[in-house]
Amino acid sequence: MSLEIKKQDGYFGGAQQQVRPGHNEMLFYGMGFFGIILIWTMVGTFLTFYYTDIAGIPAAIVGTLMLVARLLDGVTDIGMGAIVDRTKTKYGKARPWILWLAIPFAISGVLLFSVPDLSMTGKIVYAYVTYFLLILTYTAISIPYKTLLGLMTQDQKGRTLVNIYTGVFTMLSTILVMTLAQPIASSIGGQLGWTVVSIAIALIIIVTCLTAFLKTKERVDIETIAQAKKKIAFTTEFKGLLTNKYWIIITIYCVIAYTLNALLSGAGIFYATYILGNTGYFSLIALTLFLPTIIGFFFVGKLVQKYGKRNIALVVSLAAILGSVVKLIDPTNLTVFLIGNVIQAWPYYLLLLFYMR
């Protein structure tokens with residue numbers, strides 16, 4: 001069978017749309033996501049602690065900043081999706097954004113963890129500007145990066161394999177940040193320690209994202225596919241979502257699960273510092289939170305096939321509740337807390353399950 005190939009760098013069409021990416025291409029795609037998640041994990045896990053305990057910004061102001069930034073994130077996600085749809089370059093639709101944003105995104109991460117010695121007003125303004133900059137650059141690189149998966153192939157098994165690679169690298173990047181960032185920053189000390197860690201992460205982002213840009217290909221011609229399908233008005237699609245009770249249930253469930261995840265990862269550093277009295281315990285807390293996730297990663301496929309997503313979701317939800325109850329037995333006891341952490345770690349894996357499948 002002849003292949004219709006567009007004369008563009010890394011951009012293909014025709015029968016190539018069903019070609020499954022090679023394992024090297026899947027590996028490089030996962031590596032790029034590894035770099036992106038590094039800084040995002042830093043933000044979710046340490047930024048609040050950094051602002052309050054290192055930069056000295058009041059907690060109430062930091063909380064307001066986080067809320068406003070999340071609202072901005074929701075708006076920019078929608079806008080960036082529309083921009084990617086309209087992008088036409090010799091590199092395709094999604095890949096050029098990885099090329100263009102790798103360095104700005106990396107720099108924004110360094111700026112975020114480098115609050116200068118200014119007046120309190122100056123620090124607050126700096127925090128707002130740099131956090132908004134990170135949100136904008138993160139959206140501008142992450143939305144195209146996720147879109148790239150759908151442009152690499154239409155082969156469902158191929159997409160599943162790519163997601164497996166991505167899942168492995170996502171967990172690896174999360175574990176590395178949560179176990180190594182704080183000890184390294186503390187060993188250097190003060191503001192400089194966090195700046196050094198963010199610079200190291202920035203270099204990894206640049207290398208992994210640019211490598212992903214070079215080593216991946218867009219094979220799917222979205223415009224041709226869209227023309228072949230019946231167009232449905234956005235209002236009709238939106239109304240359909242709002243009247244779909246199963247979509248509403250899943251959405252509410254995922255919001256609750258993501259909130260729990262944010263609390264587990266973001267509050268850990270404060271718990272270690274102020275309840276246990278030793279910031280160094282955070283690495284151990286993070287390890288017990290993610291080791292069960294890694295172990296479960298290799299069994300979830302068979303478990304879902306045998307018991308179904310619904311039943312697995314019920315089990316991990318009960319585990320999340322049980323883990324919280326265990327921690328309440330003695331909130332100041334590290335051993336009890338770690339046992340509860342191990343039990344509670346499964347909700348993290350549930351989100352990965354929904355992401356992958």
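Each residue, glycine too, has its Cβ placed from N, Cα and C.
Database features, via TrEMBL:
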TRANSMEM  26-51  transmembrane segment
TRANSMEM  57-76  transmembrane segment
TRANSMEM  97-116  transmembrane segment
TRANSMEM  128-149  transmembrane segment
TRANSMEM  161-180  transmembrane segment
TRANSMEM  192-214  transmembrane segment
TRANSMEM  246-274  transmembrane segment
TRANSMEM  280-300  transmembrane segment
TRANSMEM  312-329  transmembrane segment
TRANSMEM  335-355  transmembrane segment
Contact set, same chain, for the transmembrane segment (280-300): CB under 8 Å, 6 or more residues outside the stretch: 45, 167-168, 171, 174-175, 178-180, 182-183, 186, 264-265, 268-269, 271-273, 312, 334, 337-338, 341-342, 344-346, 348-349, 352-353
Highest-contact recorded stretch vs the transmembrane segment (57-76), from 97-116, 128-149, 192-214, 312-329, CB pairs under 8 Å: 128-149
Segment-segment contact (the transmembrane segment (97-116); the transmembrane segment (161-180)) at 3 or more Cβ pairs under 8 Å: no
